[in-house]
Every structure is written in C-alpha cells, then in structure tokens.
Amino acid sequence: MDISRWLERHVGVQLLRLHDAIYRGTNGRIGHRIPGAPPSLLLHTTGAKTSQPRTTSLTYARDGDAYLIVASKGGDPRSPGWYHNLKANPDVEINVGPKRFGVTAKPVQPHDPDYARLWQIVNENNANRYTNYQSRTSRPIPVVVLTRR
C-alpha cells in the first residue's frame, strides 16, 4: 500500500468522521464549506432494511438547479448504505448548510447518455478523486442527481 492510500485510510477517514459529526451536530450550520475542499451536504434517508432515519455528509457538485452526489465509497466493491436507502425510497431530504429541503434522487449509471457529462462535473469538482476510486473497483460508480421537489 502506498503512503497516500495509507494516509487516506488512517487519517482521512478519521477527519471525515469528525467533519460528519460536526456538520450533523450543528444541523448544517458548521461544515458546509471547508477551505480547499468541495462543499458538503447532509443526506437524510430512511434505512431500506431498518426503516430508521439515516444521515450522512457527502461532497456535492451542481448541475444547474440539481445537486450531484457520487456513490463511490472510496472505490469499495460495495455501494454505500445510503445508496441502497435512496434506491428503496428516492424521496429524501438534504441540508445545504442549515437549509433543509426535499429532493428526489435519480441514480445515473454509465450506460445512461448523460453519465459522462455528469461524471466530468463531479470528478473535476472533487480534484479527480472519483477516477482514482473507479480504478479500485469493478463496480460501476453511479452519479446521483438530486432534484428539488
């Protein structure tokens, strides 16, 4: 394992957990924008198996009025839990900073004609990390379009 991958796993994950706790704990007042990082939103879903409320912070990009998130899980072979949750119930809520509102989630897969354009937007927004994540897995990484209801 190279040093950048080790740092990502052992330092980066801890920083992400801290950021997530602060962002959720302040209901979006702190954590929306961090210098040098893409903006984050809070995604509120209902557990597909448990029916329990779930919240996670994710970086996002914009495409017009839509918010774009990526189900990368850092290139893990499995999709993140939140992705399964929104597939089961696509009507979810997000916080962008302290503003919370309803959105409808639409996963976009590589076979979709708009995928390449959306992938370019999110990948450039996140310093080309998603290309690196995709190289770690054979699973196609979907882009999720969140449209305000």
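Any Cβ shown, glycine's included, is placed from N, Cα and C.
Small disclaimer: the values here were computed from a predicted structure and weren't measured.
These come from Swiss-Prot:
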- 48-50, 54-59, 70-73, 81-85, Y130: coenzyme F420-(gamma-Glu)n binding site (BINDING)
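Features as recorded by Swiss-Prot, highlighted on the structure.
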{"residue": "A48", "record": "coenzyme F420-(gamma-Glu)n binding site", "Cβ within 10 Å": "16"}
{"residue": "R54", "record": "coenzyme F420-(gamma-Glu)n binding site", "Cβ within 10 Å": "16"}
{"residue": "S57", "record": "coenzyme F420-(gamma-Glu)n binding site", "Cβ within 10 Å": "21"}
{"residue": "V70", "record": "coenzyme F420-(gamma-Glu)n binding site", "Cβ within 10 Å": "25"}
{"residue": "K73", "record": "coenzyme F420-(gamma-Glu)n binding site", "Cβ within 10 Å": "18"}
{"residue": "Y83", "record": "coenzyme F420-(gamma-Glu)n binding site", "Cβ within 10 Å": "23"}
{"residue": "Y130", "record": "coenzyme F420-(gamma-Glu)n binding site", "Cβ within 10 Å": "22"}
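Secondary structure at Y130 (coenzyme F420-(gamma-Glu)n binding site), taken from DSSP and collapsed to helix, strand or coil, is helix.
Under the three-state DSSP scheme, V70 (coenzyme F420-(gamma-Glu)n binding site) falls in the strand class.
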